[in-house]
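Working notes for the structure below.
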Amino acid sequence: MNKSKPIATLDRRLILRDAVRELDMPSRRLFAKRAITLGGLSMLTGCSLSDDASVERFLTAVSRFNDRVQGWLFDPKRLAPTYAESMITRPFPFNAFYGEDEVPEVDGADFRLEVGGMVARKDPWTLEQLYALPQTSQVTRHICVEGWSAIGKWGGTPFSEFLHRVGADTSAKYVGFRCADDYFTSIDMPTALHPQTLLTFTYDGEKLPPKYGFPMKLRMPTKLGYKNPKHIMALYVTNTYPGGYWEDQGYNWFGGS
Ligand SMILES: Nc1nc2c(c(=O)[nH]1)N[C@H]1C(S)=C(S)[C@@H](COP(=O)(O)O)O[C@H]1N2
Ligand SMILES: [Mo]
């Protein structure tokens with residue numbers, strides 16, 4: 001790190017936005033085949049992402065990225081670290097593109113998850129049906145591109161399980177998400193099928209509170225925070241690049257960066 005210009009005093013969001021732009025361009029073709037994940041990037045930067053200091057070093061290294069990344073190798077089976085429940089960050093931070101007083105209120109009783117695109121079964125899902133899917137939970141670190149990270153516990157169903165139930169064409173390239181607050185994002189199919197990618201309905205053992213994304217959040221510990229959509233209303237499988245709220249403003253689409 002450049003000692004005369006400590007990173008903490010710089011606008012991290014802008015630095016990272018520039019960095020991910022650079023990241024995105026020279027290697028786009030490579031990324032199209034091999035999605036960047038946090039695990040992969042941590043290998044490249046030599047940071048373990050297991051504690052606050054290493055996440056800090058990682059974000060600094062990512063902010064200095066350039067086309068070095070062309071030599072990148074990504075292992076889609078790599079797992080993100082998991083943590084003991086005693087390490088959960090309390091209170092877990094809230095973040096969105098608006099303040100906490102504007103969190104969307106979704107009525108669970110009326111709610112139906114829309115499923116579309118390249119899937120065999122497009123019937124909408126009630127919350128009761130979703131809660132009846134096999135459930136698991138994991139304690140993982142959420143890393144926001146704005147320069148903070150926090151450990152939380154999310155519970156839900158493996159997203160791969162859900163995709164199989166709806167008869168998704170898993171040879172398709174993308175899964176796109178639309179949210180109750182006009183947020184949207186999309187992920188690559190290998191990440192959708194990653195064993196740690198969960199469609200979550202609980203936070204810390206309780207029904208997902210509105211601020212953390214009721215009725216559901218897609219939780220991917222291998223991706224940066226902004227790739228993890230809250231308040232999911234609709235999802236669809238597609239070969240047409242769907243973009244995303246931040247992605248369309250210049251953030252790296254793979255968001256594992
Ligand atoms: N629907 C929706 N999902 C979203 C966002 C948002 O503004 N709207 N913000 C993203 C960002 S940048 C982060 S860091 C996390 C924050 O999740 P949290 O409030 O549970 O910490 O949600 C992500 N998913
Ligand atoms: Mo974020």
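Any Cβ shown, glycine's included, is placed from N, Cα and C.
According to TrEMBL, the protein has these features:
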| type | residues | note |
| --- | --- | --- |
| DOMAIN | 102-246 | domain 'Oxidoreductase molybdopterin-binding' |
Number of helical, extended and coil residues in the domain 'Oxidoreductase molybdopterin-binding' (102-246), per DSSP: 23 helix, 57 strand, 65 coil
Predicted model, mean pLDDT over the domain 'Oxidoreductase molybdopterin-binding' (102-246): 94
